[in-house]
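Pulled from TrEMBL, these are the features on record:
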DOMAIN    84-376  domain 'Sugar phosphate transporter'
SIGNAL    1-18  signal peptide
TRANSMEM  110-132  transmembrane segment
TRANSMEM  153-178  transmembrane segment
TRANSMEM  198-216  transmembrane segment
TRANSMEM  223-242  transmembrane segment
TRANSMEM  262-281  transmembrane segment
TRANSMEM  293-318  transmembrane segment
TRANSMEM  360-378  transmembrane segment
Amino acid sequence: MKLLNVFLLTLLTTFASSFSLSPLPSSSKLSRRTLPLKTSTPLFSSISDQSGEATADVTSLNPIQVTGGEAAPPKAALGDTVQTITYFGLWYLFNIGYNIYNKQALNVLAYPWTIATIQMATGAFYFFPLWLSGLRAAPKLSGAELKKLFPIALCHTGVHVGAVIALGAGAVSFAHIVKASEPVATCVLNAVLLKEVLPMKVYATLLPIIGGVAIASMKELSFTFLALSAALLSNLSSAARGVLSKKTMNTKIGENMDPQNLYAVLTAMSTIILIPLMLIFEGTSFFPAAKSLIAAGDFTGRSLMTLLGLGGASYYAYNEVAFLALGKVNPVTHAVGNTIKRVVIIVASVIAFKTPMSRGSVVGSSVAIMGTLLYSLAMNGSKKK
């Protein structure tokens with residue numbers, strides 16, 4: 001695990017220094033008008049990154065869309081392919097790291113509200129220095145625009161804290177199985193709030209999702225109602241975030257609000273929302289519990305801070321790099337990649353924590369995850385039509 005810590009720390013450092021400084025392509029073969037920022041497109045309105053998560057949770061939004069110019073030369077195409085593979089590899093790695101670090105922290109300190117707040121606040125150590133140094137243009141928002149974003153930030157908070165509670169109350173694998181049912185909540189809220197009626201084939205894909213989650217829940221060896229309800233809360237919050245994004249982000253908001261900055265603003269707002277909620281539900285009891293853990297010799301102060309810091313850093317990093325991955329592929333490729341990612345996380349968590357899964361749980365999770373893939377493909381097909 002120490003080697004993994006060093007490896008992830010190195011990758012995080014490389015990620016922060018390289019991706020934030022990457023210039024836009026300046027090839028003379030590209031038209032000067034071909035790099036519009038799609039800042040008015042809803043951030044969470046399509047395919048969710050249903051990991052907790054951030055998810056994270058992001059969409060098939062391409063922050064930089066090339067709309068003209070000639071085809072890239074073979075060397076550039078090869079470099080682009082390598083870059084895409086790198087983005088997906090980092091997306092998977094950071095996601096696995098987050099789930100492992102998060103579960104390790106929750107196993108020794110059962111304070112999900114405090115840990116969720118620390119993880120959310122960690123992102124500030126990444127984007128504020130970028131803004132202050134000028135390496136990334138700082139967003140400019142009025143009070144009215146912040147008020148407009150507040151409901152989305154509230155849902156963003158629910159997505160994260162619900163996932164953290166679920167991961168603490170049950171197995172990581174079970175939390176991700178339940179979170180695979182997010183499309184059900186999305187369809188319901190779209191129908192109720194947006195009056196959006198989808199093709200029947202889209203609704204048909206919900207059946208294996210519901211059935212798979214039901215089978216997995218009945219056969220799950222580490223089943224708890226708290227884990228189930230918290231994961232469902234995260235799903236509902238993510239679906240509501242997507243609906244509100246569609247209703248709110250149909251017009252341009254603020255300046256320099258590209259997808260990365262929008263996510264950073266929501267992270268800052270969610271941190272402010274979480275602090276009073278943390279104090280209401282858990283007070284400051286996390287800190288004496290941490291001191292007792294250190295006094296018992298289970299952790300040093302440094303190792304505990306490293307564990308919490310890596311959890312927060314990997315949480316923000318996988319969401320940030322997800323934008324880079326999404327910008328390189330089409331929605332179908334992303335849907336397949338997202339499905340594979342969930343399988344990889346479940347397998348990695350089972351290996352890391354030696355969590356047993358019954359045959360019924362394996363069957364149920366497989367059916368539910370396949371259902372989410374079919375849902376994503378069906379949604380993409382309906383949008384094309």
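Keep in mind that glycine also has a Cβ here, set from the backbone N, Cα and C atoms.
Computed from a predicted structure; not experimentally measured.
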Among 110-132, 153-178, 198-216, which stretch has the most Cβ pairs under 8 Å to the transmembrane segment (262-281)?
110-132
Can you work out which residues elsewhere in the same chain, 6+ from the ends of the transmembrane segment (198-216), have a Cβ less than 8 Å from its Cβ atoms?
174, 177-178, 180-181, 183-184, 187, 190-191, 360-361, 363-372, 374-375, 378-379, 381-382, 385
Can you give me the average pLDDT across the domain 'Sugar phosphate transporter' (84-376), rounded to a whole number?
90
